[in-house]
Amino acid sequence: MESTLKDMRDGVSDQLVTPWTYSVASGYSLLRDPQYNKGLAFTERERDAHYLRGLLPPATATQQLQEKKLMHNIRQYQVPLQKYMALTELQERNERLFYKLLIDNVEELLPIVYTPTVGEACQKYGSIFRRPQGLYISLKEKGRILEVLKNWPEKSIQVIVVTDGERILGLGDLGCQGMGIPVGKLALYTALGGVRPSACLPVTIDVGTNNEQLLKDEFYIGLRQKRATGKEYAELLNEFMSAVKQNYGEKVLVQFEDFANHNAFELLAKYGTTHLVFNDDIQGTAAVVLAGVVAALKLIGGTLSDHKFLFLGAGEAGTGIAELIALEISKKTNVPVEETRKKIWLVDSKGLIVSSRKDPLQNFKKPWAHEHEPVKDLLDAVKALKPTVLIGSSGVGRTFTKEVIEALSSFNEKPLIMALSNPTSQSECTAEEAYTWSKGRAIFASGSPFDPVEYDGKVFVPGQSNNAYIFPGFGLGLVISGAIRVHDDMLLAASEALAGQVSQENFDKGLIYPPFSNIRKISAQIAANVAAKAYELGVATRIPRPENLVKYAESCMYSPLYRNYR
Ligand SMILES: O=C([O-])CC(=O)C(=O)O
Ligand SMILES: [Mg+2]
């Protein structure tokens, strides 16, 4: 364990390292190895020492100059998917340079490697596929998953992001092509949270797809069959989870991502007591939204328990957020969570969730079936309940209509509107719609990014309420403390740390989140708060506890600067 922690302290140093590739006689494979390749940045001495003479043109370049050139090239592309492909190629050619670009230009590049462009990339993954990234585990590998894990070149894995592709963002079932999501999420683990790339493993579990279009697509990269369900599905996942623990131990974090509702809740409940697991869509989204709501109180007034919340969408994000808000109110007011839940209402595709609908309701919706007469849709629910906060987690775009936002604005001086569904096409409303229809009074944040909007001579800057603020720092906190279980209190700790990072300057612009440009600093704060909670709860195994956890988190973070080779 000590050695992996030392490996993590991968900061800036003059220490010489050995580029550990197989080649000795020729440097050719060094140039082809993304972990060690530096392109024109190999020094004269390194070119001599590693048999690179003649394999590179005579010029040498600094990493800065390479960065300048690449950013210039990427900006030439008009089509976001082309930028995505250029960045993927860079990641596979020169990993450190890829992360240097991502870290230094996070606000510009996040919409490419992440939502919304990553969504389009998944839809077209088969046709843009060049080299595989991540690990594919399909029904064909049943009974051999441990062997498959051993085929992965890295042995000391700290974070796995796994999807089965059934609910990719708000785009639905993309089957095996969901791989873009774990790959993108883990790129953020490194760039935003500082977990070293070699410790990150993207996994896609392919049990088939029900997406007819993909099944017919000649370029589809997955199994051409309908999704396995029931016992067959559960057994494959069980084999995977057991193999992961056997191969990587108790402290590897498994982040479930973009599973369909029924599986997401079941997997989290099933493995939450035996493994270190985290569901980003349920728990990560909950922590980021709670942070935004708590921060927004500065602008909209009152305490959390003074507000009434209405959700459109009662899936992973909706019920996850609702539960965390109820838990936070309960902790702050000493009122049992069964009571605090009553401040929160959810609308699904069948209307308001009320007690008379309880019988056929799925388990995860049942806590939200409060006493009320039936209400058929969102607009009527807004009018009947008069919420102060409206949250969209439906995966369905354009559902916060003009009527809905006007109704909400008729009884709220400053309505808080969060349109969380991704990518941009699925956002419940645009930033412009929220500001225009509320006549500039809404406090607005969205899951996918929107540009600032000018309304009535004033510029409004929407915040991005995306779990990307939370999961990288959250995971780092688990890794540096050697945590073996996730607890809800750690989510609250992460959320509190994020809310604490919003400055007066941000509030003045109407922002309820800090800018992503500070994300590494924010991640260190989140990691420290999460680690502190892990120690407090007795689930941390890295003993002794470092005194200053923020400093420790920062010291563990991966640096993308080139190393010098001996
Ligand atoms: O990936 C994102 O942008 C946020 C997320 O987890 C989702 O929408 O499923
Ligand atoms: Mg997700």
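From the backbone N, Cα and C atoms, a Cβ is placed for every residue, glycine too.
Under the heading domain 'Malic enzyme N-terminal', TrEMBL lists 91-272.
Summarising the annotation, TrEMBL assigns active site, proton donor to Y114. Sequence-distant neighbours of Y114 (active site, proton donor) (same chain, six or more apart, CB under 8 Å from its CB) are G184, A187, L188, N466, A468, listed in sequence order.
Under the heading (S)-malate binding site, TrEMBL lists R167, N422, N466. There are 25 other Cβ atoms within 10 Å of the Cβ belonging to N422 ((S)-malate binding site).
When secondary structure is read from DSSP and collapsed to three states, K185 (active site, proton acceptor) falls in the helix class. Counting Cβ atoms from all protein chains shown, K185 (active site, proton acceptor) has 28 others lying within 10 Å of its own Cβ. As annotated by TrEMBL, active site, proton acceptor applies to K185.
Here TrEMBL flags E257, D258, D281 as divalent metal cation binding site. Counted within 10 Å of its Cβ, the other Cβ atoms near E257 (divalent metal cation binding site) come to 29, all protein chains included.
The feature domain 'Malic enzyme NAD-binding' is assigned by TrEMBL to 282-535.
Among the listed binding-site residues, namely D258, D281, the Cβ with the most fellow Cβ atoms inside 10 Å is that of D258. Cβ-based neighbour count (10 Å, all protein chains) for N466 ((S)-malate binding site) stands at 25. Checking the recorded positions Y114, R167, K185, D281, N422, N466 against ligand 2 with a 6 Å cutoff on the Cβ atom leaves D281, in sequence order. Comparing the Cα of D258 (divalent metal cation binding site) with the Cα of every entry in R167, K185, N422, these being the recorded positions, the smallest distance points to R167. Proximity to ligand 1 (Cβ under 6 Å from any of its atoms) holds for these recorded positions out of R167, K185, N422: N422. For the pair K185 (active site, proton acceptor) and N422 ((S)-malate binding site), the Cα-Cα distance reads 14 Å. For R167 ((S)-malate binding site), other Cβ atoms within 10 Å of its Cβ number 23.
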